[in-house]
Amino acid sequence: MAIIQLPKDLKFGVATAAYQIEGATNEDGRGQSIWDTFAKTPGKVVNGDNGDIACDSYHRYKEDVQLIKDLGCDMYRFSVSWPRILPNGTGDVNQAGLDYYHRLVDELIAQGIEPMCTLYHWDLPQALQDNGGWENRETIEAFVNYAEIMFKAFEGKINKWITINEPWCVSYLSNYLGVHAPGNQDLQAATTISHHLLVAHGKTVKRYRELGMEGEIGYAPNTTWKEPYSNQQQDIDACRREVGYLIDWFFDPVFLGSYPEHLVDWYKQKGVTLDIKAGDMELIQQKIDFVGINYYNGNVARYQSGSGLFDCEDIDMGYNRTDINWPIYPEGFYKVLTYIHDRYGDTPIYITENGACFNDDVQQGQVKDDGRIDYLKTHLASLQRSIDSGVPIKGYLCWSLLDNFEWAEGYTMRFGLVHMNYRTLERTKKDSYYWYQKVIDNGWYEL
Ligand SMILES: CCOCCOc1ccc(-c2cn(C[C@@H]3NC[C@@H](O)[C@H]3O)nn2)cc1
């Protein structure tokens, strides 16, 4: 048995997102988002699930803040539903939408919990999608306008802002692979969108600075790791392309001022190009105060001609898997964190999402989710190993507080520390909730 001692100043928290937990999709003037549309399109979401009710956190936020408080969390990462604030994406502000987030934030502050606010967690107003969505450069200005409204409305209350969550999911998963909303399958469109998202991020950071805001701002890319199966150059290069797909493509422009050449060339071979306007790269490179890193899984991989977008295929090494069939690979968490620190320097890092899907149910009032506890143990050990290697990690936010709407998987996949009965909306603390509560209290645990 090893004792993992975590830094005394490491912040702990949990994370959620608006469309996944709020419900109340037709209440208090909220406009429709692309996820309302996508979820109601037959065949897109398992069981035809949608976010109309979800966890009903819109009405039950006080109960959920109490769950966060009882955990002992320092921080809570939530997202704002853009169409609650601007039902048409631009134009008139919906005061009832702002009022809801004031209620939530005031409750967090009253309970001594620091709010970390994600401005964009995938629920683009449908009205903007009808006008081309993120493929249309006009959406960049619409996002900056929305962000400025939020910065001014919550000045002094919210001091940690995330512009965009997982731009890879917003661009490639949603517009090339077609798995998420709006469900397009166009590599050029996805690549154009990836650039517009980064410009929107940078322009928002610039506006935040121009407004003289006191807080901190960053973004939250998702990551993965691919460990080469052999030391053959073709395996090494294939893994570098796959890691670059999620990491380099979304980090290099922000931290190094340009896209990774090897991927620009790879896309060019596929007839895909970037339309970079004058000033775009300078905007993207605005200095940020922290970077949020989301990590769930990684794998061993090798070169395989014709496999995926980058001639790279995962190898089944027999690793244990979560109930969403993702390999459990804590080594990859360490590799991602040290790779990012080595390549991009000492920008402070918050782990803005890490967690596991295990679909354990309530038995006699208890949820024995040992798989989640083991996942958290091994991944927090990798986090500590990364900190010991000098990676400036300031906080860890577990995905997620509650079981919730897991996008295309609907309600079938459970990532929560708290179990949701979607019929009664009853919340039940899982064994992992109590385990995490103890770690937050003690600062150490046995591996
Ligand atoms: C058919 C081909 O499929 C390719 C991979 O398809 C996926 C699907 C889903 C993900 C995915 C889901 N999550 C968890 C969320 N992060 C943000 C928060 O909202 C969580 O709910 N992270 N990554 C990745 C890849």
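Keep in mind that glycine also has a Cβ here, set from the backbone N, Cα and C atoms.
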Substrate binding, same site as GLN20, HIS121, TYR296, TRP399, GLU406, TRP407 - TrEMBL member from ASN165, ASN175, ASN184, ASN231: ASN165
GLU406 (substrate binding site): secondary structure state under DSSP, collapsed to three categories: coil
Residues within 8 Å of the GLN20, HIS121, ASN165, TYR296, TRP399, GLU406, TRP407 Cβ centre (excluding the substrate site residues themselves): ALA17, GLU166, GLU353, SER400, ASN404, PHE415
Length of the line joining the Cα atoms of GLU353 (active site, nucleophile) and HIS121 (substrate binding site), in Å: 12
Length of the line joining the Cα atoms of GLU406 (substrate binding site) and GLU166 (active site, proton donor), in Å: 14
Nearest-integer angstrom distance between the alpha carbons (Cα) of TRP399 (substrate binding site) and GLU166 (active site, proton donor): 14
From GLN20, HIS121, TYR296, TRP407, the binding-site residues whose CA lies within 10 Å of that of GLU166 (active site, proton donor): HIS121
